[in-house]
Amino acid sequence: MRRPMVAGNWKMNGTRASVAELIESFRRQALPAAVEIAVFPSFVHVSQVLDVVDGVQVSVGAQDCALQSGFGALTGEVSADQLVDLGCEWVLVGHSERRLVLGETDEVVSQKFAAAQAGGLKPVLCLGETLEEREAGRTLEVVARQLGQVLDDQGVEAFQSAVIAYEPVWAIGSGLTATPEQAQEVHAAIRDQLARSDRRIAEGVRLLYGGSVKADNAAELFAMADIDGGLVGGASLKADEFGAICRAAGN
């Protein structure tokens, strides 16, 4: 049985004051013990969040890590080892905003996935297609290519300590959401691709849906057989909304 997971990606948001207020609001939420909950603050707030999550059922991750592990001459980058030293457990890898805006290729994403695990973090590998690719009927092709790069480079065994998030790019921050059936089709294809290498591992990998997940659509999405939770963007900055999404995953 796969444990549901809800992950909150705070993106480039927050001040010290607003982050403290948000975590304090989380404390007042009735969060289901059956659901694994993680938040991904900006680098500048990771330490602050780690300092105040004691007593809150939330683990902490980073939104990115360097493509090399360890320490060394890579100005401006933060390694998985440094994030683990702070107390992080998770890291997002391959988010569409980094693929599209910052030009991260499938090869770079695969390197970051490997570096994350080498440093002791559990990666959340983000996959997803643009609106143009969906309208061209290429959704499954694009997602299979993105996943295939990591599978080929790192092997299916690497996914025993990783999570995959499907985020259709056209649904991120747009208010648009894939229907539960559209999302399930892609999630099933992802699990099938993993199963061609190892069915047991494939059955154990948690697959999250991201892309305008809200309290009013979460339950319908999470009811799908291969959707094990959500990667939540804007709604994770509202404690009541995020709490409701977590409770939907627990049901």
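Think of each number as a place in line: the chain as shown, counted from 1.
The backbone N, Cα and C atoms fix where each Cβ goes, glycine too.
Feature annotation from Swiss-Prot assigns substrate binding site to N9, W10, K11, G173, S212, G233, G234; the stated evidence is sequence analysis. All protein chains considered, the CB of S212 (substrate binding site) has 20 other CB atoms within 10 Å. S212 (substrate binding site) falls outside any helix or strand according to DSSP and counts as coil.
DSSP classifies H95 (active site, electrophile) as coil under the three-state reduction. What Swiss-Prot lists as active site, electrophile is H95.
Taken residue by residue with DSSP, E167 (active site, proton acceptor) is part of neither helix nor strand, so it is coil. Its Cβ placed at the centre, E167 (active site, proton acceptor) has 27 other Cβ atoms within 10 Å. Taken from Swiss-Prot, the feature active site, proton acceptor covers E167, and the record attributes it to sequence analysis.
Across the structure, N9 (substrate binding site) and H95 (active site, electrophile) place their CA atoms 10 angstrom apart. DSSP assigns G234 (substrate binding site) to a helix in the three-state reduction.
Here G233 (substrate binding site) comes close to N9, K11, I172, G173, G210, S212, V213: these same-chain residues lie at least six apart in sequence, with C-beta atoms under 8 angstroms from its C-beta. Counting only same-chain residues at least 6 apart in sequence, those with a Cβ under 8 Å from the Cβ of W10 (substrate binding site) are V39, F40, P41, S42, H45, Q63, S236, L237.
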